[in-house]
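Reading through the structure tokens given below for one structure.
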Amino acid sequence: MLKLLLSRLATAIPSIVGVVVVTFMLTRLLPGDPAAYFAGLAASPQAIAEVRTKLGLDKSLPAQFVGYIVDLAHGNLGNSLSTGQPVVAEIATRLPASAELTLFALILAVGIAIPLGVLAAVKQGTWIDHLCRIVTTAGVSLPVFFTGLLFAYVFYYLLQWAPAPSGRLDVFLSPPTHITGFYLIDSALTGNMEVFWGALRQLALPAISMAIFSLAPLARMTRGSMLSVLGSDFIRTARASGLAPGTVVFTYAFRNAVLPVITVLGMVFSFLLGANVLVETVFAWPGIGLYAVNALITSDYAPVQGFVLTMAVLYVALNLAIDLLYGLVDPRVRLDS
Amino acid sequence: MTAVPALAVEELSVEFRTRSGIVKVLDHVGFSVDKGETVALVGESGSGKSVTAFAVMGILDPAGKVTSGRALFGGADLLALSERDLAEQRGREFSMIFQNPRTALNPIRKVGQQIADVLVRHGGATRPDAPRAAVEMLKRVRIPDPERRVEAYPFELSGGMCQRIMIAIALACRPALLIADEPTTGLDVTTQAVIMDLIGELAHESGMATIFITHDLALAAEYCDRIVVMHAGHVVEAAPARELFAHPRHPYSVKLLAATPGETASLAELASIPGGLPDLRRPDLPACRYSDRCERRIDDCVKPLPNRSLGERHIVSCWNPL
């Protein structure tokens with residue numbers, strides 16, 4: 001298992017190097033001159049040149065790249081031009097917000113999609129199978145930003161059930177003591193139930209709109225995979241041996257059917273990381289998606305680079321986790337490594 | 001001969017609902033197996049051998065439906081039992097092994113655990129005792145180095161080994177009846193013989209009745225006491241193995257024997273049986289489903305099939321037997 005872990009880590013290194021190079025090049029090659037932007041509309045050419053020198057943008061590309069790598073090695077992603085804050089610090093405060101939202105949405109989606117898919121396969125052709133089909137079709141045909149806007153309109157504006165879509169916590173509540181950065185966990189750990197409910201109420205709408213979209217592929221794959229496994233020879237053997245229906249469905253069928261579901265789970269997770277940008281904009285969620293969009297609009301290199309790099313590392317970590325999970329479930333994968 | 005057979009199948013009919021109509025897969029199939037006896041169910045592909053076994057086991061595909069008949073086993077009619085009661089008995093009182101042992105085992109569960117699952121389910125062992133009991137079972141099916149092999153996954157074992165594991169699973173609770181559905185398909189010839197010998201010995205030890213499904217008449221002749229010949233969902237002839245080989249009476253049995261390679265016949269001398277199985281979806285199926293292929297057809301063949309008794313335990317379903 002350790003060998004598998006190390007070999008997968010080794011294959012991840014080239015991807016990280018590639019991402020570092022590409023992020024650097026892309027932000028340099030994008031149209032727009034940050035020096036002109038920051039010097040202001042009325043700035044003289046001389047002032048712009050001054051700003052350019054101050055930002056180090058007058059040096060050659062290779063020289064800039066070397067500087068970038070040296071900074072990176074020291075854990076320095078540069079400062080944001082618009083806020084003046086170090087990018088690392090800003091991402092560190094914003095990442096938990098995105099992570100909490102994404103993970104909560106994913107857990108919600110898995111919690112609904114997998115039982116639904118399993119039941120639909122076991123009771124094929126019954127009402128629950130039809131329900132599964134309706135949910136999956138509806139899920140894929142509703143984009144996240146649309147469900148998000150619809151929810152905000154219906155549950156906040158019309159029904160007043162949900163709080164205003166204004167970030168992670170109501171303005172009258174102060175954030176819990178920082179432990180993990182996840183408000184739900186931190187407030188639960190410190191026993192601050194008022195903040196816990198406040199955070200949950202804020203989280204509900206954006207998380208549900210993301211969950212609805214991502215449960216569709218999960219439920220569909222679970223159902224399809226369960227159906228094909230339930231029709232296989234070893235399930236017939238298990239039934240012929242008189243094993244209890246629960247054992248047949250869970251120990252025998254589900255553990256085999258879960259493999260493709262794990263693959264889809266990885267894809268859905270990485271998709272959710274991307275979808276964050278839209279949902280965070282709709283719900284004014286102070287995550288890294290919103291941060292990256294704002295930085296991109298203002299041609300602010302450093303945060304964009306930091307965002308892309310963070311995402312790349314997350315993707316690599318995610319794929320590694322998926323691989324390891326695969327190895328845990330399927331002994332044949334362990335052997336291949 | 002014992003008066004009460006281990007399993008008596010009577011008038012068993014099975015239909016499959018498909019998109020292109022109802023397929024009458026089995027039509028009033030009947031045969032019996034005595035305690036300690038090995039009976040072969042032979043016939044070409046599609047003759048209904050496996051469906052018969054699945055119907056008795058209660059593991060028919062959902063599209064299949066038993067429309068008539070009884071399967072008497074230990075004083076109860078298996079076909080009338082609820083799924084719950086049947087599942088209690090499956091694997092304990094009667095069990096089944098399948099062809100292609102590699103795919104018939106759960107690929108991601110250790111073989112020892114798969115044996116243990118059956119033992120624990122049927123009260124053959126408690127969870128803590130199960131691993132040891134599984135090793136015992138591997139010893140019974142003569143797997144070398146059983147302590148290590150219980151920890152193996154099916155993909156780490158050869159086809160022959162996997163079939164032994166299947167046998168260990170099927171016989172874990174010492175059932176009174178074993179149905180072996182082409183247990184040697186996909187195994188090489190030497191392994192075939194070893195597996196057949198093993199099944200034979202284990203059956204002999206415990207006085208277990210065995211139904212052996214095959215299309216290999218030579219194998220059936222070697223290992224079975226009696227042979228039941230099936231064609232297109234009918235039992236056409238049932239006789240002691242030796243008698244069937246010496247004096248086949250049904251025209252289909254004759255052709256089937258002529259199509260079987262033996263010590264004397266070379267491949268070139270083998271005769272193929274003309275025609276194919278009738279389309280079982282036809283609403284106007286003839287009374288004798290072999291009549292379209294038969295060279296001995298007479299006018300009486302349109303009448304409902306007789307069950308002619310020709311001496312002790314030799315039955316033929318034909319108006320014009322040899």
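A Cβ is built for glycine as well, from the same backbone N, Cα and C atoms used for every other residue.
Remember, it's a predicted structure, so these values are computed and weren't measured experimentally.
For A:12-30, A:103-122, A:134-159, A:199-219, A:257-286, A:306-329, the entry in TrEMBL reads transmembrane segment. According to TrEMBL, the domain 'ABC transmembrane type-1' annotation covers A:95-326.
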The transmembrane segment (A:12-30) in contact with the transmembrane segment (A:306-329), cutoff 8 A, at least 3 CB pairs, sep 6+: yes
Contact set, same chain, for the transmembrane segment (A:134-159): CB under 8 Å, 6 or more residues outside the stretch: 116, 165, 205-206, 208-210, 212-217, 219-220, 275, 278-279, 281-283
Tertiary contacts of the transmembrane segment (A:103-122), as residues 6+ beyond its ends and Cβ separation under 8 Å: 128-129, 131-133, 135, 184, 203, 206-208, 210-212, 214-216, 218-227, 230, 249, 254, 257, 261, 265, 268-269, 272
